[in-house]
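The annotation region 'Type E motif' is assigned in Swiss-Prot to 455-530. Under the heading region 'Type E(+) motif', Swiss-Prot lists 532-562. The region 'Type DYW motif' annotation in Swiss-Prot covers 563-657. The annotation repeat 'PPR 1' is assigned in Swiss-Prot to 45-79. Per Swiss-Prot, repeat 'PPR 2' is recorded for 80-112. Here Swiss-Prot flags 113-147 as repeat 'PPR 3'. Taken from Swiss-Prot, the feature repeat 'PPR 4' applies to 148-178. Feature annotation from Swiss-Prot assigns repeat 'PPR 5' to 183-213. Look at Swiss-Prot and you will find 214-244 tagged as repeat 'PPR 6'. According to Swiss-Prot, the feature repeat 'PPR 7' maps to 245-279. Per Swiss-Prot, repeat 'PPR 8' is recorded for 280-314. Feature annotation from Swiss-Prot assigns repeat 'PPR 9' to 317-347. According to Swiss-Prot, the feature repeat 'PPR 10' maps to 348-383. Annotation source Swiss-Prot lists repeat 'PPR 11' at 384-419. As annotated by Swiss-Prot, repeat 'PPR 12' applies to 420-450.
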Amino acid sequence: MTVAHSHRFSTAVNPINISLLSKQLLQLGRTSNNSGTFSEISNQKELLVSSLISKLDDCINLNQIKQIHGHVLRKGLDQSCYILTKLIRTLTKLGVPMDPYARRVIEPVQFRNPFLWTAVIRGYAIEGKFDEAIAMYGCMRKEEITPVSFTFSALLKACGTMKDLNLGRQFHAQTFRLRGFCFVYVGNTMIDMYVKCESIDCARKVFDEMPERDVISWTELIAAYARVGNMECAAELFESLPTKDMVAWTAMVTGFAQNAKPQEALEYFDRMEKSGIRADEVTVAGYISACAQLGASKYADRAVQIAQKSGYSPSDHVVIGSALIDMYSKCGNVEEAVNVFMSMNNKNVFTYSSMILGLATHGRAQEALHLFHYMVTQTEIKPNTVTFVGALMACSHSGLVDQGRQVFDSMYQTFGVQPTRDHYTCMVDLLGRTGRLQEALELIKTMSVEPHGGVWGALLGACRIHNNPEIAEIAAEHLFELEPDIIGNYILLSNVYASAGDWGGVLRVRKLIKEKGLKKTPAVSWVVDKNGQMHKFFPGNLNHPMSNKIQDKLEELVERLTVLGYQPDLSSVPYDVSDNAKRLILIQHTEKLALAFSLLTTNRDSTITIMKNLRMCLDCHKFMRLASEVTGKVIIMRDNMRFHHFRSGDCSCGDFW
């Protein structure tokens, strides 16, 4: 029996196998001593090397590697770069630290080849010891060993992980000089390095100069453009891609979804299906995210169908289940979100966080907090930063100051989660909504991190609710420095001045907006009719085919609401115009147009769901609440802050928003 046919290692260290290998090696040595030809000796040595390589492939721990290394030393193969390279790569594969064992392996080798050096460089890089990896490359060059393409691949990966752009450029230059650039996988690694170093223009230059590309070259750059929000360049590359695989389609679908272009995401998903590519879990999750942004029930139903058709039942796939919970919540159907949550066999922190956030945005604070308490006391799942955002948002949307403080204090004290700017935003929002503006300002001053625009924006929004121009100016000053081009901040300050009757302040802000060349985001509300068609409404929109009927319905509705005591809240109009002009402006707000259209086109018992891109004003909130009473309709209204469920004259927010 030859060495090549010796028994392979079992899953544990097996002395019998080692003993058998020793006997075979001894027999081989005797045979070689009796052999008369160099050819026979060479063949026997090749069999020995082949057997050792095979045994290294089967190693599952360091002890087994050391036993093989012992045989290598005893048989005089300690100078074999081929075997030692394999040994080093096996150490790396098993996660064994390079120091001290790997270094001891290579130090006695007199003539180290580039593959052995590369194995060591790669091992240090994978271990995260990038300085050592670079130092090993320096030693290699001192020995005048010419690097191979694999060497540059390992070094470029290390530069990408370190995000060291300057070092990456140096290796790029050396790669080009030594013609390692000719290999596709080296070019791909270079693209990846530049992408990780946030130098996408350099990545594109590498791509354009590559003599040969594969699908990875294309998809790496497409995904990079998508991550930075440049969907135009991503689409241009995608359309040029000769063969579009699942990775490329996924990059486009998820890219559009993540960059707030849900309609395009759905279009690319449809194209993918028509091309015969089967969606994977990530693509389906991207599709569901796009549906959530559109906020229409017809998309929600199709998302469920696609998930099930693709073999990703929410009950068994936690990623899909969590995405569906988020989607149903954002489409206004929190009950269905709860049903999905209850049906899931496995839940993780993202599942609980999605459900807590869903309940919070729909004004069901006690249910959200109960679920949070259940998760932290009855399961082994630990809350993360998103979970705490959901719990704090529940408190904020319902004015639960004491409970909010308890949740906030428990973050670090109980769970070791350091509060972030987003958590401070929730606390400032909670204190501000309840009129504790000075306390909210003091909290900001004591923050352990620099506040971002969200923190100051929450305070400015609270000043709008409670008509406090003094603190509003403090918040606005910080906002204008942090977010100088966000027009919403200027409009919010203008509204504070308008509510206080300070029209001079309003004019100053408007002048500032004009000087900066900022453009106001136009308000738009939309609903989906019974046929699945989306209808969009803009302020004073007269282009809709039913505009005359909509205006008549609004006038009729105003008359009915007036009987209940409705009077337009003129403070919601931040313009120094007559009261009559303010009334005309208010009646043309987009959500009111959408409501009138829905009353004309829906069945008596059906729920009306309206989506809006901006925050609903105080007058529209009062209007919707009273409309739900006189029409007997359930009206679900989602603005850019939260959901409002209007039923029988009441709102789920308890008029606290």
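Cβ from N, Cα, C; glycine included.
Same-chain residues lying 6+ beyond the ends of the repeat 'PPR 2' (80-112) with a Cβ under 8 Å from its Cβ atoms: 49, 52-53, 56-57, 59-62, 65-66, 68-69, 72, 118-120, 122-124, 126-127, 129, 132, 140, 143, 145. Beyond the repeat 'PPR 12' (420-450), the same-chain residues lying 6 or more positions past its ends with a Cβ under 8 Å from any Cβ of the stretch are 385, 388-389, 392-393, 395-396, 399-401, 404-405, 408, 411, 456-459, 461-463, 465-466, 468, 471, 474, 656-657. Taking Cβ pairs closer than 8 Å, the repeat 'PPR 9' (317-347) reaches residues 281-282, 284-285, 288-289, 291-293, 295-297, 299-300, 303-304, 307, 354-355, 357-359, 361-362, 364, 379, 381, 609, 636, 638, 643 in its own chain, all 6 or more past its ends.
Packing against the repeat 'PPR 4' (148-178) from elsewhere in the chain are residues 114-115, 117-118, 121-122, 125, 128, 130, 133-134, 137, 140, 185-186, 189-190, 192-199, 202, 206: each is 6 or more residues past its ends and has a CB under 8 Å from a CB in it.
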